[in-house]
Amino acid sequence: MLNYTGLENKNVLVVGLAKSGYEAAKLLSKLGANVTVNDGKDLSQDAHVKDLESMGISVVSGSHPLTLLDNNPIIVKNPGIPYTVSIIDEAVKRGLKILTEVELSYLISEAPIIAVTGTNGKTTVTSLIGDMFKKSRLTGRLSGNIGYVASKVAQEVKPTDYLVTELSSFQLLGIEKYKPHIAIITNIYSAHLDYHENLENYQNAKKQIYKNQTEEDYLICNYHQRQVIESEELKAKTLYFSTQQEVDGIYIKDGFIIYKGVRIINTEDLVLPGEHNLENILAAVLACILAGVPIKAIIDSLTTFSGIEHRLQYVGTNRTNKYYNDSKATNTLATQFALNSFNQPIIWLCGGLDRGNEFDELIPYMENVRAMVVFGQTKAKFAKLGNSQGKSVIEANNVEDAVDKVQDIIEPNDVVLLSPACASWDQYSTFEERGEKFIERFRAHLPSY
């Protein structure tokens, strides 16, 4: 870890606890800052609070007193806290310095960074890059939105390691100096409009990933979205991926993945399922080539890596029916990919947090949907969608109830697909929890012998 002294003896307010706020507070204390943590929830019974207080960190919970800003000129904001929250809104008005936990990870580490963002595919790309590093003798440590707090991992890496960091639009907002050596934008579509208010704001948040890059760095992006992704701020060397044509970067031609005219692998030898994953694979391969991962390790990974939990995850078979957990599909594009992945009749479990989206764009992908079981805040919207297409629609209270109701309508060879097209926060704390509940309920219905 770098001996960063820029925060020594400074008063710093961490807004929002959770995992990233907890680790950020501990790191700030280690860097010599005077730390206060604030969370709108009552944390009086939280074990983490006692741990922080034992380190001399003050914790104020249950509300956001604006007086906390009087003596704390530096704010570290948890990515899940919107800028519209009163204390952050007031900090902006006062012109206070607002950092992110991801920014801290950059300030304390000399390790080069591969940063991955995008509306869809970023977790798959990040995981695949990590697997390719694992198959080599190089070290690539996963961090960020994938579940490993960036500022914690950054304290553990060597300067010769790579930090492989998944970044959400929330984490990219507010970065100042953060500079990945290799940045990947998988794609940009409409998402998180409840947080960003409009599509332009969301797109601009994603573009933050390359704002500090120089000519010595790389941006990897989808060739067919280059007009959306690129801007005047872009200084890095841009390389593209495409499944449709030859590009300056990496592409598929005659059934092979090709880089600089060299065939790397036949696409028939890939294990990761789904046409949409070809783009994810191309992005990961190109990043690893640039990072110096041997081609043999890349091929070893591509012929063994089968995917990640909660992303079109095969859960199991009950009689003749296969169940798939796609709980990470928190927007319509991800669900389009899921619905497009099966030729069998589908019982589609969908619904969740209402972000103001309409779902008519899913209609062209519903041909194989035989029935829908809908739940969550968007239950009525999905019921209306299903009825408009002549589908059988059943309403459920939640994911567990949805799996129960599936048993009443299921027919031989139906695929049962949880692909909510919505975030989980109306009923579950995370999409992982939602997916685990689906799996638990599936197992509860397995016959006992």
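Using the three backbone atoms N, Cα and C, a Cβ is placed for every residue, glycine included.
Bear in mind that the values here come from a model prediction, so they are computed numbers and not experimental data.
Copied over from Swiss-Prot, here are the features:
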- GLY118, THR119, ASN120, GLY121, LYS122, THR123, THR124: ATP binding site (BINDING)
>> So if I draw a 10 Å sphere around the Cβ of LYS122 (ATP binding site), how many other Cβ atoms end up inside it?
In response: 24
> Including all protein chains shown, what's the count of other C-beta atoms within 10 A of the C-beta of ASN120 (ATP binding site)?
Replying inline: 25
> What same-chain residues, at least 6 away in sequence, bring their CB to under 8 Å of the CB of GLY121 (ATP binding site)?
Replying inline: THR186, ASN187, HIS276, ASN277, GLU279, ASN280, ALA283
> When neighbour density is defined as the number of other C-beta atoms within 10 angstroms of a residue's C-beta, which of the binding-site residues THR119, THR123, THR124 has the lowest density?
Replying inline: THR119
> Around the ATP site (GLY118, THR119, ASN120, GLY121, LYS122, THR123, THR124), what further same-chain residues have their C-beta within 8 angstroms of the site's C-beta centre?
Replying inline: VAL116, VAL125, THR186, ASN187, ASN280
> If you run the three-state DSSP split on THR123 (ATP binding site), which class comes out?
Replying inline: helix
> Does anything in the same chain, at least 6 positions from GLY118 (ATP binding site), have a Cβ under 8 Å from its Cβ, and if so what?
Replying inline: VAL125, ILE184, ILE185, THR186, ASN187, ILE188, LYS206
